[in-house]
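Note sheet for the following structure.
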């Protein structure tokens, strides 16, 4: 709300029309040439891809051009990414085919109408998600799931396109087992001519793609490869007139990857991207596109990468792409009369296969195996289920396991026992820093997560475990048990009511066993919540510290002052620590073995800071020689009064 109130008229205009952000700073001399080159490059690439993906969706190829026309203009105005290339993509086309294929025959007019209606419905859903600021939901789909899903989809797509190279029909399926069985069953119908033609087109595409990636001067080859295959295929049809073969095309990535691509491109180009605005822009593109006979569109990884590599600076490159598609619709459709009914499917199949080769992300699997077995398990589960049970089941299983891991990690947060690094006042995880030492009778615990109802039981169990299993302490007198538990709360960003009640119960349990809780370094929000809930008053304001070191030194001073007796906070001392500030001053100061003279103007609460010069004897004991300083809290910060 505060941000909205501070926004001026121009900021509100930019929020409604993200294109104004780059329009007002557009440099015609520097940016226009780059946008023009990128727009032409990607536009030439989009024409044959759009027709191929429309056939994949079970539609006439002209609908692919429709999908690459209006959504480009709308997204350039309302989209927040300056390099994302919107239009038809393979995996969305495959999903359209799978969803509508079970409802109506793809050859009927109703099929086309439902595909257009689907674009409208998808657009409405995306706009609602953007307006309700639900872009954060995409974070629950991990990169491992996306990688495993796209790799499996690429394999299924590649196998489904092999039938156009082999020359015989193969069962239409998004599962690998029926595809392989169908390919093997019809091997006796193998035909050499389509195999040779398709292989030749595929080799040409892969060579042009490789040259375009490795040589910047030949970058145009990467984008012109699909158009080259279409032109060669058209010429072949004109000259040799091969027999017609029906075509179904499959390919490539999920919708949620669109926002991921846009964010990656935004980071590379030095501007911020709002996922909620991105969802709204994509939704509006689909809504407007549905009124011009488009089926669902989203961001394309390959075209966006080419757009970025071609030097696109702003959304003007998308407008130029739209102009090229418009020109193709008006003037170039007669050139593709042989392509729509797929009298020569090999060229279009080669375009699809060359595109999916980049989606087989086996390197990610190798990387995950060496880095994180959990993420590798997510990758493998998504990969196997997508191959075996189909796209829909693969997505559900991948997202389900991702959420399960998130819940597990949240309910079982990382908790560390801290020790002091030698020669410093810094406290770190004793497992990570074995040289860090702890003090007898004192346990410093850090919770690296928000504390709420789902993980508070786990945290309490771990605290009890640390109480019973004493760390290998080697500093301070040997007291045989824990008397102080210090909670380092700097990583704790949030505490809910269940956690507050659990902390109260924990304090009562500790109090019954003569154990004192201390809190160190809570942030402002957590400190206010603990104060309102009465936790600070319950444990005593004198046991809330700015630094872990301050808390340790006060606890250590109690241990040192009572080392000759059994360590136990007397009822008087224990009670005084929860009483008035003056009583707190007396109880803390009285426990100090050094003669302290507190100035009258000292403002309470006070914190004792003890620094010790430790000399180890042959018996392993420590001879303590040091000083004690009293510091007061004021507007100028903590200031030392006395050094002994």
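Each residue, glycine too, has its Cβ placed from N, Cα and C.
The transmembrane segment annotation in TrEMBL covers 32-51, 57-78, 85-104, 110-132, 144-170, 190-208, 220-239, 278-295, 315-336, 348-371, 377-407.
For the transmembrane segment (85-104), the neighbouring stretch richest in Cβ pairs under 8 Å, chosen from 32-51, 57-78, 110-132, 278-295, is 57-78.
By the count of Cβ pairs under 8 Å, the stretch nearest in packing to the transmembrane segment (57-78) among 32-51, 190-208, 315-336, 377-407 is 315-336. The stretch from 32-51, 190-208, 278-295, 315-336 that makes the most Cβ contacts under 8 Å with the transmembrane segment (110-132) is 278-295. When the stretches 32-51, 144-170, 190-208, 377-407 are ranked by Cβ pairs under 8 Å to the transmembrane segment (315-336), first place goes to 32-51. Residues 91, 94-95, 98, 140-142, 144-145, 147-149, 151-153, 155-156, 173-177, 254, 364-365, 368, 454 of the same chain lie 6+ residues outside the transmembrane segment (377-407) yet bring a C-beta within less than 8 angstroms of a C-beta in it.
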